[in-house]
Amino acid sequence: MRIGHGFDVHKFGGEGPLVIGGVRIPYTQGLLAHSDGDVVLHAVTDALLGAAALGDIGKLFPDTDPAFKGADSRGLLREAWRRINEKGYQLGNLDVTIIAQAPKMAPHIPQMRVNLAEDLLCHMDDVNVKATTTEQLGFTGRGEGIACEAVALLVKKGTGEIVAW
């Protein structure tokens with residue numbers, strides 16, 4: 001078993017859509033980023049890459065490469081997951097925490113879980129997404145941006161490490 005941790009943060013700004021966990025969320029602003037700024041998918045990608053010892057999202061998809069300008073983060077996650085699968089890993093489980101004062105994430109979490117399970121070719125029971133605030137403290141509490149943390153457990157395929165419930 002291998003554990004990876006991912007973290008991402010983006011500042012609000014611009015007129016682009018707000019995309020979190022692959023879901024377009026109605027809001028007054030998007031997030032400033034080279035790609036679509038999806039903090040959930042970026043943190044998840046980093047957690048998975050870290051667990052597989054494949055570096056990080058910036059190494060795989062550098063923001064200096066124009067090919068990734070405005071990139072759909074679901075596509076980036078799928079490509080990272082393909083490489084992780086090639087190393088013989090499958091997902092044990094994934095736990096995601098979104099840190100945002102606004103907008104409220106609860107109505108969108110079920111679809112985020114669906115998107116992650118689809119992209120990672122796993123069951124929804126293997127994916128947890130939750131959200132919290134910082135009680136109006138810090139940059140997220142002031143509504144300046146959104147942060148996300150993710151923890152992923154990978155297991156080698158065929159090792160019997162996965163428990164079937």
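Cβ atoms here come from the backbone N, Cα and C positions, even for glycine.
As annotated by Swiss-Prot, 4-CDP-2-C-methyl-D-erythritol 2-phosphate binding site applies to 8-10, 34-35, 56-58, 61-65, 100-106, 132-135, PHE139, ARG142, with the evidence given as sequence analysis. For the recorded site, SER35 (4-CDP-2-C-methyl-D-erythritol 2-phosphate binding site), the DSSP three-state label reads coil.
Summarising the annotation, Swiss-Prot assigns divalent metal cation binding site to ASP8, HIS10, HIS42. Around HIS10 (divalent metal cation binding site), a 10 Å sphere centred on its CB holds 21 further CB atoms from the protein chains shown. DSSP assigns HIS10 (divalent metal cation binding site) to a strand.
Annotation comment: Swiss-Prot describes HIS34 (among others) as site 'Transition state stabilizer'. Neighbour list (HIS34 (site 'Transition state stabilizer'), Cβ cut-off 8 Å, at least 6 residues apart, same chain): ASP63, PHE68, LYS69, GLY70, ALA71.
Non-local contacts of THR133 (site 'Transition state stabilizer') by the CB criterion (under 8 A, 6+ apart in sequence, same chain) comprise ILE99, ALA100, GLN101, THR140, GLY141. Marked as site 'Transition state stabilizer' by Swiss-Prot on the basis of sequence analysis: THR133 (among others).
The sparsest Cβ neighbourhood within 10 Å, among the listed binding-site residues (PHE61, PHE139), is found at PHE139. PRO103 (4-CDP-2-C-methyl-D-erythritol 2-phosphate binding site) counts 18 other C-beta atoms within 10 Å of its own C-beta, drawing on all protein chains shown.
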